[in-house]
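Chemist: Below: one structure in structure tokens.
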Amino acid sequence: MTSRAEAREDFRRRLLAAAHHRLATDGAAGLAMRVLARDLAVTPGALYRYVRSRDELLTLLVTEAYTSLGDAVAGAEADVPGEDVEARWVAAWLAARTWARAHPHEYALIYGTPVAGYRAPEDTIGPGTRLNLILARIAADLPAGEERRREAPLTDELAADVQRIRAWLTEQSVAVPHVPDEAILAVAGGLSTLVGAIGLELFGHFKGAFEDARAFLEDAARRSFADIRRAMGRGHML
């Protein structure tokens, strides 16, 4: 790497560090190029040689957060024996919580209130759906059992959504031919519970209710996995 390239990379690291600091103190809405320039003791124009806009900087932060979360969850899940599918599912949930507690402002950036005026570009979709894919791959490792008929059929709209998700999972090399629609819905429900429960904890909504938020999340993970097992025909319907 040339000295010019090294200097550019060094400044980029400083810029991201300053942005993370402002994210923690002022929130995503408080990220302003003029403020960051003052923090870094440079002119605002100097920043635009590294990022074209505040939105591009936000995209860097969003992508970095999704990637870091995905790495943490993938690493924890990989440490569990592959045949213990439930343990892998629970490990993924708990790793997501651990990461979020260590990076609360980054979690709020990617799963909290959308930043006014910011529209994430398509190149954030890959990092942003990594957690979804990890959970889907874990669930897909459950073998299908006896096919069960849903008591109430899916609405046309929901059935179309499930087929769209199934097609996307196939594009992402997740083997889902044996996975019933019910199980796809159960995984989506589990992801929603995971993201929501972590947010409730981080934003203080468990105070006076679930003082041991880790135990609550582990129980929620196991309940979610039981739903998936039933949907796959591997357990008894309640």
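FYI, residue positions are counted from 1 along the chain as it appears here.
Each residue, glycine too, has its Cβ placed from N, Cα and C.
Automatic prediction, not curation, is the source of TrEMBL annotations.
According to TrEMBL, the record shows the following:
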| type | residues | note |
| --- | --- | --- |
| DOMAIN | 9-69 | domain 'HTH tetR-type' |
| DNA_BIND | 32-51 | DNA-binding region |
Chemist: Taking every residue in the DNA-binding region (32-51), what is their average pLDDT?
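Modeler: Summing pLDDT over the DNA-binding region (32-51) and dividing by its length gives 91.
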Chemist: Please count the residues of the DNA-binding region (32-51) that DSSP assigns to helix (H, G, I), strand (E, B) and coil.
Modeler: 12 helix, 0 strand, 8 coil
